[in-house]
Amino acid sequence: MRTIRVASRRSQLAMTQTNWVIAELQARRPDWTFEIVPITTKGDQILDVTLSKVGGKGLFVSEIEDVLTAEHADLAVHSLKDVPYELAQGLVLAGIPLRADPRDALISHDGRSLSQLPAGSIVGTSSLRRAAQLQALRPDLRIEPLRGNIDSRLRRVAEGEFAAIILAAAGLSRMGWQDKITEYLDPEDFIPAVGQGILGVECRAKDDELVQELGKWTDQNTADCAAAERTLLTELQGSCQVPIAGYARRNGAGDLTLTGFVANPQGPGSLRFEATGMEDPSALGSIVAQTLLQRGAGDYLRAASEG
Ligand SMILES: NCc1[nH]cc(CCC(=O)O)c1CC(=O)O
């Protein structure tokens, strides 16, 4: 018998993900009960300004981490792509379940695919990574900022304020809104965010019982992909002010392939490198990061910190 208090943001996606994790854990541990502790983060209150200006995506996560550290809750479910590479001291990502669809998805107002959008069409995204890759594929499109919850973003494209928007397929399918998707973007040429489609379940490192249970529930392949992608992000010292993408997957032979991408935050120019190896996932992340740095990724990273 134990009651697990689960901290969750109040957004529909956060609550859906939290409830999914609770159902999974409840099935494994009928002797546990679960209680949701809803948290309103500062990040949820300032959705109209560019997040990178107010402290970045890490904002959502660090306030939840404070709740875990203060022992006001025992566990928290994050979209891994929102989790900065450094966790708060004393906390661990103990549970990483099977990855959902890692791809980005295009939702267009009138059903046109990315290649069919007329020149000058307005595409909504506030992600530097999505903007950089869109610009490279379709320099003739106009990219405009788009923030807010998934449902408000979908409403704005439905109303025609944007010709199209880009969202993570995983978030849409967790909400049951896959039918809104016009086109799945090929992850080989529109590279997903590090951790996209992966959930990370965080708890206190000293909570042995929870750490163990979450460890048994973890999908090892997903955890390997997460490790490769997050090592890439760490070694690039990636902040949300630089367009960075990273996508790991296992091929038929069982080898892990990692594609890394960094773009100039101040204009055209990008670097991409891909490696495959059987060595440990972090080593693969490291190889891809160090190769990108040798080829000049540092210039892009510095351009961001200077302005
Ligand atoms: N940036 C916010 C965010 N964080 C996680 C998801 C979707 C779910 C996921 O990628 O796991 C989203 C929405 C989106 O990018 O479309």
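A Cβ is built for glycine as well, from the same backbone N, Cα and C atoms used for every other residue.
Annotated features, as they stand in TrEMBL:
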type	residues	note
DOMAIN	4-210	domain 'Porphobilinogen deaminase N-terminal'
DOMAIN	225-293	domain 'Porphobilinogen deaminase C-terminal'
MOD_RES	C240	S-(dipyrrolylmethanemethyl)cysteine
**Report entry** Rounded mean pLDDT for the residues that make up the domain 'Porphobilinogen deaminase N-terminal' (4-210)
**Finding:** 93
Report task. Report the DSSP secondary-structure composition of the domain 'Porphobilinogen deaminase C-terminal' (225-293) as helix, strand and coil residue counts. Result -> 24 helix, 23 strand, 22 coil
